[in-house]
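Take a look at the structure below.
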Amino acid sequence: MTEQSIKDGQRPELPPFTLRNVLNDIYNGILALFTDPFCTRIICPVVIVLTSLLSKAIIYKVPYTEIDFRTYIQQIQIINDGELDYSLVQGDTGQIVYPAGFVQIYQVLNWLTDEGTDIHAGQTAFGYLLALTNFLVIIAYTMTPDFQPWPVYCLLLSKRLFSIYVLRLFNDCFTTVCMVSVTILLQQAAYWYKKGGSSISFLLTMVAADLYSIAISIKMNALLYFPGFIIVAYFLCGENLLKFGTVLLVIPIVQVLMGWKFLLPFFNDEEASYIRWNYINQAFNFNRKFLYKWTVNWRFVSEEFFLSDVFSNGLLIANASVLIFFIFTRYISPRITCKPVSRLIKDAMVGPFSSTINKNNLLIDPKCGPKLVMLILGSTNIIGILFARSLHYQFLSWYCWQLPFMLYMTGWSLLVCIPLWVVHEWCWNVFPSTPMSSGLLVSILAIVLFGVWYNTNEWFPKLADNEAATIDESGESKKDK
C-alpha cells in the first residue's frame with residue numbers, strides 16, 4: 001500500500017499471519033530488547049526493581065558471611081566511647097585503616113543495626129544501596145545518545161557483586177555510589193555548559209568535587225579517578241585556572257571538615273600532634289602491604305616476586321605510562337579539545353583567569369560531552385585497576401558498574417562482549433584465585449582498555465553541523481590555512 005493511501009486513512013497492508021512471520025516477530029522483539037535504544041527506557045525500571053528483589057531473595061536464602069563488618073562496628077564503638085587516637089582503634093581483624101568518612105557512615109550503620117546485633121537491617125540497607133547505585137548507573141549510561149539496552153542487563157548478572165553488598169557489607173560500596181554520583185554531576189556539567197551557561201557547569205563541578213572528596217574519605221580507591229577528574233574539571237571550568245583552582249581547593253577542605261575531630265586543627269600541643277599524625281598515617285597510608293593469599297589478579301606470579309619492590313615499582317611505572325598515553329592520545333587530543341597541547345599550555349599561562357576553551361571542544365558539547373566524561377573517568381579507573389598492587393574480592397565493586405559501558409564503547413559485537421563479561425565474572429568467582437583466573441582477569445581488562453582506546457568513533461565522533469571538519473589533527477582551523 002502506498003504512502004498516499006496511508007495518509008488518506010486507509011489501513012496499511014499487514015503481512016500474512018503465518019508461523020514463520022510470528023516467529024520472526026518474536027525474534028525481532030527479543031533482539032530489540034538487547035539492541036534497540038528505544039527499549040532501554042523500558043527495561044531500566046525493570047532492572048532496578050529486579051535488583052531490589054534479588055537482593056531480598058539472596059538475604060533470605062543465603063547465609064550471611066562475617067568478614068569485616070563486626071570489626072568495623074567494634075572500631076566505631078571505640079570511637080563512640082571517645083577515643084580519638086587511631087592507633088588505639090581496632091577490632092577482631094585489625095586496626096582502623098579508613099578515613100573519617102568511613103567512620104561517619106558506619107556510625108549510622110552501628111545505630112541502624114543496634115550496635116551490630118541486627119545484621120538483617122544492615123543487609124537490607126545494603127540491598128537498597130545496590131538498587132540506588134544501579135539506578136544512578138543507568139542514569140549515567142543513558143546520557144550517551146542511542147544507548148543500547150544490553151549493558152544494563154549486566155548490572156544484574158554479577159553473583160560476586162551481590163555478595164559484596166548484601167552478604168559482606170563492605171565500605172567499598174559507599175565509595176562506589178559516591179563516584180557514580182560524581183560521574184553524573186560532571187556529565188550534567190558537560191551537558192549544560194552551552195545550554196545553561198558556564199556558571200551552571202562550574203557549580204555542578206564544585207558539587208562533584210565535594211562529593212569526590214567524600215568518596216576519598218570513605219576509601220582511598222577513589223584516588224584512581226583523580227587524573228581523569230582533574231582533566232574533566234579543567235575543561236568544565238572553561239580552562240579558567242581560577243575556577244579550576246577553586247574546584248581543587250574543595251577537595252582538601254572537605255577532607256579537613258570530615259576528619260575535624262581527628263585532625264584537631266585548633267590544637268598544637270604534643271598530644272594533638274600525635275593524634276593528628278596517627279590519623280593521617282593510618283587513614284592515608286600509601287605503603288600498606290597486601291597478602292598474596294588474597295590476591296585476585298596476580299596469582300600467576302610467584303609470592304616472592306609479588307612481595308618485591310621491583311614488582312610494586314614496575315606496576316607504578318606501567319600505570320603511569322599507560323595513563324600518560326591515554327591522556328595525550330585521547331583525553332586532551334586536539335580532536336577533542338580542538339587545540340594542540342602547546343596551545344593548551346600557552347592559554348593556561350597567558351590567560352589563567354579567563355575562559356580560553358575552544359567553543360568546539362567536545363567535552364562541552366551537549367551530545368558528546370556526557371559520554372566523554374564517562375569514557376575518561378571509566379578508563380582512568382580501569383587503568384588503575386589493571387595495574388593495582390593487588391585486588392581483593394570486594395574490590396570488584398570499584399569498577400563493575402563501568403565494565404558493561406566500557407565493553408559497549410569498544411564497538412564490538414554483542415557476541416564478543418557478553419562472553420568477555422561472563423569470563424570476567426567467572427574470574428571473580430573462583431576462590432581461591434588460580435593462575436588461570438588471574439591471568440584471564442588481567443588479560444580481559446587489558447583487552448577492554450585497548451578496545452576502548454582503539455574505537456576512535458566513540459572518542460572523536462563527527463560533530464553536528466560538520467564543525468569537526470574544520471579542525472585538523474594539530475587542532476588548527478583548516479579555514480585559517
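Backbone N, Cα and C atoms are what each Cβ position is placed from, and that goes for glycine too.
As recorded in Swiss-Prot:
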TOPO_DOM  1-41  topological domain 'Lumenal'
TOPO_DOM  63-124  topological domain 'Cytoplasmic'
TOPO_DOM  146-172  topological domain 'Lumenal'
TOPO_DOM  194-197  topological domain 'Cytoplasmic'
TOPO_DOM  243-246  topological domain 'Cytoplasmic'
TOPO_DOM  268-308  topological domain 'Lumenal'
TOPO_DOM  330-367  topological domain 'Cytoplasmic'
TOPO_DOM  389-402  topological domain 'Lumenal'
TOPO_DOM  424-433  topological domain 'Cytoplasmic'
TOPO_DOM  455-481  topological domain 'Lumenal'
TRANSMEM  42-62  transmembrane segment
TRANSMEM  125-145  transmembrane segment
TRANSMEM  173-193  transmembrane segment
TRANSMEM  198-218  transmembrane segment
TRANSMEM  222-242  transmembrane segment
TRANSMEM  247-267  transmembrane segment
TRANSMEM  309-329  transmembrane segment
TRANSMEM  368-388  transmembrane segment
TRANSMEM  403-423  transmembrane segment
TRANSMEM  434-454  transmembrane segment
Residue list, the transmembrane segment (309-329) vs rest of chain: Cβ under 8 Å, 6 or more residues beyond ends. 227, 231, 301, 341, 379-380, 383-384, 386-389, 449, 453
Any contact between the transmembrane segment (368-388) and the transmembrane segment (222-242)? By contact I mean 3+ C-beta pairs closer than 8 Å, pairs at least 6 apart along the chain. yes
Beyond a gap of at least 6 residues from its ends, the CB atoms lying under 8 Å from the transmembrane segment (247-267) belong to 84, 86, 99-101, 104, 202, 205-206, 209-210, 212-214, 216-217, 230, 233, 237, 275-276, 279-280, 283
Could you tell me how many residues in the topological domain 'Cytoplasmic' (330-367) are helical, how many are strand and how many are coil under DSSP? 19 helix, 0 strand, 19 coil
Residues sitting near the transmembrane segment (403-423): Cβ under 8 Å, six or more positions beyond its termini, same chain? 34-35, 140-141, 144, 147-148, 150-152, 154-155, 157, 374-375, 378-379, 382, 440, 444, 447-449, 451-452, 454-455, 457-458
Who are the chain neighbours of the topological domain 'Cytoplasmic' (243-246) in space, where the CB to CB distance is under 8 Å and they lie at least 6 residues beyond its ends? 202, 206, 233-234, 237
